[in-house]
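What follows is one structure encoded as structure tokens, with my remarks underneath.
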Amino acid sequence: MAVTVQMLVDRLKLNVIYGDEHLLSKRITTADISRPGLEMTGYFDYYAPERLQLVGMKEWSYLMAMTGHNRYQVLREMFQKETPAIVVARDLEIPEEMYEAAKDTGIAILQSKAPTSRLSGEVSWYLDSCLAERTSVHGVLMDIYGMGVLIQGDSGIGKSETGLELVKRGHRLVADDRVDVYAKDEETLWGEPAEILRHLLEIRGVGIIDIMSLYGASAVKDSSQVQLAIYLENFETGKVFDRLGNGNEEIELSGVKVPRIRIPVKTGRNVSVVIEAAAMNHRAKQMGFDATQTFEDRLTHLISQNEVNDD
């Protein structure tokens, strides 16, 4: 997926100083950003023209110390046909030579009042999200108490119905049926809906319902980190399920491992409440509060006491 410069401008509210006509035609194909420091000195051996060029205070100060002729020569060599745009931070003044180089090469000049480091982080975050490789998985992604929970299971098990019940209980729907997941880094997985399914939920016997229209903006979310996976499966006599919570089952999506809990489903069981409890318990474990460990410690202490009493 490529990101147009127009998409970047709209998302980060950047000011377009020059090149409105190039915003849709210029595409950003890499999440890497270039801070052209050495390039300002004329060293272009490892220059990556396909990257978005970000000019901060240091680059700007060095640029402004040059003569007009040298300034134009450097900028003209920086601005190549592969270059999507140049972004100037801190609302720094745009030199005339930058306008000339941009006009000669068809490069857009963008400006932001944000400090360079913050702007760099925002641009990188957005580009990483847009350009990361997506994997589609079947399930329902919910935001439960601020935690992204991916609900999976066999077809007809009641995933969407459970999602609807969770929405009624005050939680937020991220995606139903098809969840597009991508890795932000080696340990962070994010999920979002397919655009055609955004805010929609399918309930057998009812059809497709618009959660945004029925329950309001507070009931939906555009994307969420995936921190826990729940797998719903039919209860079968004799089938072993984790009763202590000390299982370490995981699934791997887009190269990121996510802890998974299997929950048996049978008539009369309030699955949405169980999922709420599972999400809260997982968060408690992340904070260092482990009920299973507490139980095991108490059991060990009780056994030790009984052994002393027997002696």
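Counting begins at 1 with the first residue displayed.
Note: Cβ is positioned from N, Cα and C throughout, glycine not excepted.
These features come from Swiss-Prot:
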type     : residues                                                       : note
ACT_SITE : His138                                                         : active site
BINDING  : Gly153, Asp154, Ser155, Gly156, Ile157, Gly158, Lys159, Ser160 : ATP binding site
ACT_SITE : Lys159                                                         : active site
BINDING  : Ser160, Glu202                                                 : Mg(2+) binding site
ACT_SITE : Asp177                                                         : active site, proton acceptor
ACT_SITE : Arg243                                                         : active site
REGION   : 264-269                                                        : region 'Important for the catalytic mechanism of dephosphorylation'
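Features recorded in Swiss-Prot, as mapped to the structure shown.
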residue	record	DSSP (3 states)
His138	active site	strand
Gly153	ATP binding site	strand
Gly158	ATP binding site	coil
Asp177	active site, proton acceptor	strand
Glu202	Mg(2+) binding site	strand
Query raised in the report: Along the region 'Important for the catalytic mechanism of dephosphorylation' (264-269), what average pLDDT does this model show?
Result: 81
Query raised in the report: How many of the residues that make up the region 'Important for the catalytic mechanism of dephosphorylation' (264-269) does DSSP mark as helix, as strand and as coil?
Result: 0 helix, 2 strand, 4 coil
Query - Cα distance (Å, whole number) from Gly158 (ATP binding site) to Glu202 (Mg(2+) binding site) - result: 11
Query raised in the report: Looking at the binding-site residues Gly153, Gly156, Gly158, which one has the fewest other Cβ atoms within 10 Å of its own Cβ?
Result: Gly156
Query raised in the report: What are the non-local neighbours of Asp177 (active site, proton acceptor), defined as same-chain residues 6+ apart in sequence with CB under 8 A from its CB?
Result: His138, Gly139, Val140, Ser160, Leu197, Glu202
Report summary line: Going by C-beta under 8 A and a gap of 6 or more residues, the same-chain neighbours of Asp154 (ATP binding site) are Leu232, Glu233, Asn234
Requested in this report: Write out, in the order they occur in the sequence, the residues of the chain not among Gly153, Asp154, Ser155, Gly156, Ile157, Gly158, Lys159, Ser160 that have a C-beta within 8 Å of the mean position of the C-beta atoms of the recorded ATP site.
Outcome: Leu232
Requested in this report: Write out the long-range same-chain contacts of Lys159 (ATP binding site), meaning residues 6 or more apart in sequence whose Cβ is under 8 Å from its Cβ.
Outcome: Gly139, Val140, Ile151, Gln152, Gly153, Leu232
